[in-house]
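What TrEMBL says about this protein:
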type     : residues : note
DOMAIN   : 88-133   : domain 'PAS'
DOMAIN   : 158-209  : domain 'PAC'
TRANSMEM : 18-40    : transmembrane segment
């Protein structure tokens, strides 16, 4: 710029547009001046032509000023729109970067267009080191896409697809692939949302082991109680049999005693 300051990359197009507008203004102004001079030389009544030329020039300059002002307003409006878009993109990126889930925006061929902070940190890469590479190359350490990939299924079905995936490092992920459509409804690309559930799966496994252990203990205790119950039932039956034998023996003794009493 004229004051020696560097032009920021995001404002370069605006400055370039303004420079083109200014050059066009100067060129048009010079062309009008030359045309008027030529007309004046071509006619005898110089004063009359000069007056007409001045009037035409004044009108042309007024039109140029008006056009220049309109272009200036357009540039300012466009600058405002671009700033609003940058602010909106920054806000969306900030929101996505705050998520624990990995959010990965992909081309149709599964190359990464954009990834949020959690996705980048999960593999220890910077965002610029991930963009343009294949997702399966980064997270699955493969040369080809994963089998039964939910992102690939989403491209085919045009619906969200979900699957649990275990990566070579032993971690478990819940992966969802979702189609992305343009405003006109045409299918454009896919977005992958991934949440690590390694701790959840580990807790589920520990809970299953604990539950199986409790079931084994319950079965063992149930068997012990059944054995004890069977022993008690056998004891009851044996006692009843013994009581019956004793009762029969008592009756037999009473009968003997009665018979002897009759003999006396």
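Cβ coordinates come from backbone N, Cα and C, glycine included.
DSSP places the residues of the domain 'PAC' (158-209) in helix, strand and coil in these numbers: 12 helix, 26 strand, 14 coil. Within the domain 'PAS' (88-133), the DSSP-based counts of helix, strand and coil residues read 21 helix, 10 strand, 15 coil.
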